[in-house]
Every structure is written in structure tokens, then in C-alpha cells.
Amino acid sequence: MKGQIVRIIAGFYDVVDLKNRKLYPLLRGSGLLRLNETSPIVGDFVDFEEKGFIKKIYERKNQLIRPKVANIDQALVFISIREPNFSSLLLDKFLLVIEAKNIPVILLVTKIDLDSNFENLLLDYQKMNYNIFFINNKKNEIPVELKLELEKKLNFVIGQTGVGKTSFINNFLDKKFAIQEISQTLNRGKHTTRVVQIIEKENFRIIDSPGFSSFSYSEISKNEIRNAFKIFKKFSSDCKFRSCFHFQEKTDQCAIKRALKDGKIPENRYKNYLYFLGKYEKKNY
């Protein structure tokens with residue numbers, strides 16, 4: 001039988017049959033998998049026995065290390081306007097890791113009722129043709145266009161805690177997961193999601209995962225940092241050297257620095273890029 005792992009708890013695997021969508025809970029990994037030091041993760045396509053073991057893991061089309069998920073069709077990156085406040089640095093961190101794995105992205109901007117200037121904060125990303133939806137969870141409305149984008153795909157949900165991921169999932173899939181308000185003292189959300197799991201309803205599937213503190217950047221290389229910034233791509237081919245990292249090179253040798261000087265690249269996006277390079281050099285994410 002062929003299925004997909006939808007949840008892992010304490011070494012047990014919940015698997016959904018791909019043909020009839022029936023759930024088979026509490027399966028174990030076979031001795032052969034353990035012998036090969038192969039660990040199944042959420043999203044894996046597997047061969048399994050109905051009342052026993054997972055026997056085979058199929059090749060993954062993509063994979064994140066932490067949270068451990070595989071075979072993502074697209075990522076839903078949540079970012080709030082207020083509580084917690086919008087941060088282009090935080091958003092670029094998410095985009096860096098997701099786009100380095102060539103995973104398509106949809107930006108979901110929440111809490112738009114808290115700031116009438118919400119669209120201006122995302123202008124740079126709109127100019128880069130990101131697919132952006134503005135969400136007001138309190139109105140309990142999900143745009144029809146967004147539903148069409150999510151249908152028949154495995155959608156990976158990621159974002160800082162407190163931005164409204166759980167509220168969105170509750171509204172979208174008619175679930176009743178726990179919701180925590182933003183922490184007043186730290187201006188950060190309290191975690192409500194404890195395990196990585198695939199939540200399914202009809203033709204919609206969403207991977208819910210713990211919040212930002214468990215997200216890992218250690219899997220990103222220096223080249224991937226350079227290549228992940230979409231705003232650089234239209235200029236970088238004009239750099240004098242193919243190995244240009246747009247940092248220590250002279251302005252006349254670096255097309256990115258020239259575009260920055262001419263106002264074609266926003267200064268804050270370039271500063272975010274330099275921040276990631278600096279963190280990489282220190283190996284401190």
C-alpha cells in the first residue's frame with residue numbers, strides 16, 4: 001500500500017492511504033529503514049503494511065531540515081502588519097529558506113485591520129510579483145482566489161508565532177485548534193502548534209508546524225543566500241564577476257551596487273541581504 005505520512009508522535013507514524021484517504025495510525029518504521037539509518041518525516045510518500053510497518057520511503061522532491069517536512073507543493077508565508085509588527089528582515093528570512101529549495105511562495109498578510117497603511121508596507125514585494133493576499137481573520141473570510149490557489153496542493157504554513165496562522169487554519173478548514181493571543185510583555189506570540197502535521201479537508205491539505213523559533217537556517221549555503229533574493233536576479237547577470245557576492249566588490253564591478261545607488265533596489269532589502277551574509281560568516285542563525 002502507498003501512502004503519505006501526515007503526523008509523527010513519539011516514533012509512531014500516522015499514514016493516509018493515497019487511494020481512499022483512509023488514515024492508518026501508529027505505524028512503525030521497519031527494521032530495514034533503521035538499518036539504513038533512514039528516518040521518515042511528515043510529507044514522505046511511503047509503502048506500508050496496514051497493521052504494521054513502513055517499508056519504503058520514496059525519493060523526496062524537496063525537504064526542510066527543521067521543521068522536518070518533505071514534498072511541499074507551495075509555502076504559505078504568514079506575516080502580520082501589527083502585533084507582532086511587520087518586519088521585512090523576518091519576511092526575507094522565511095523567503096530565503098523557502099526559495100532556496102525552489103518552493104513556490106504565497107504571502108499571507110494578516111491583521112490588516114490594525115493599520116490602514118498595510119499595502120504600502122508590502123510594495124517592494126508586490127513589485128517583484130509575489131502572490132500576496134491580505135487577510136482579516138476577524139471577518140472570517142477567505143478570498144475565493146486564495147482557495148483556488150491552495151486546492152489539490154500540499155501547502156506548508158510558516159510564520160512567526162502570533163501572526164494568525166492557527167486562526168486562518170480554523171477559518172479555512174473549519175477546525176478548532178487552540179489560539180493564543182500575543183504576549184504583551186515580549187510582543188511575541190505563544191506557541192499553539194506542538195507537532196508538525198498535515199491537516200486535510202476535502203481537496204485542501206495544509207502542513208501546520210511549530211512557530212518561528214524552531215525554524216533552521218543552517219541548511220542554507222552562501223551561494224543560496226545570494227541567489228535567493230529575487231530582487232537581485234534582474235541585475236546580477238551584469239556583474240563583472242560570476243562569483244560576485246555584491247558586498248566587497250567595487251560599485252563599477254557590481255550591478256547590484258549600481259542598482260542600489262540608482263534607487264532600483266530598496267536599501268532595506270540590501271541591508272537584509274548583508275545581514276544574512278554576516279550571519280552566515282559567523283555561522284550564527
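Placement of Cβ uses the backbone N, Cα and C atoms for every residue, glycine included.
What Swiss-Prot says about this one:
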BINDING   T110, K111, I112, D113, G159, Q160, T161, G162, V163, G164, K165, T166, S167  GTP binding site
BINDING   C239, C244, H246, C254  Zn(2+) binding site
DOMAIN    61-215  domain 'CP-type G'
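This view paints the features noted in Swiss-Prot onto the structure.
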residue	record	Cβ within 10 Å
I112	GTP binding site	20
G159	GTP binding site	27
T161	GTP binding site	21
V163	GTP binding site	28
K165	GTP binding site	28
S167	GTP binding site	19
C239	Zn(2+) binding site	19
C244	Zn(2+) binding site	18
H246	Zn(2+) binding site	23
C254	Zn(2+) binding site	23
Integer Å distance between the CA atoms belonging to H246 (Zn(2+) binding site) and K165 (GTP binding site): 35
From binding-site residues C239, C244, H246, C254, the one whose Cα lies nearest I112 (GTP binding site): H246
G159 (GTP binding site) to C244 (Zn(2+) binding site) - Cα separation in whole Å: 31
Cα distance (Å, whole number) from H246 (Zn(2+) binding site) to S167 (GTP binding site): 40
I112 (GTP binding site): secondary structure state under DSSP, collapsed to three categories: helix
Rounded inter-Cα distance in Å - C254 (Zn(2+) binding site), V163 (GTP binding site): 37
C239 (Zn(2+) binding site) and T161 (GTP binding site), distance between Cα atoms, whole Å: 39
C-alpha spacing of H246 (Zn(2+) binding site) relative to V163 (GTP binding site), in angstrom: 33
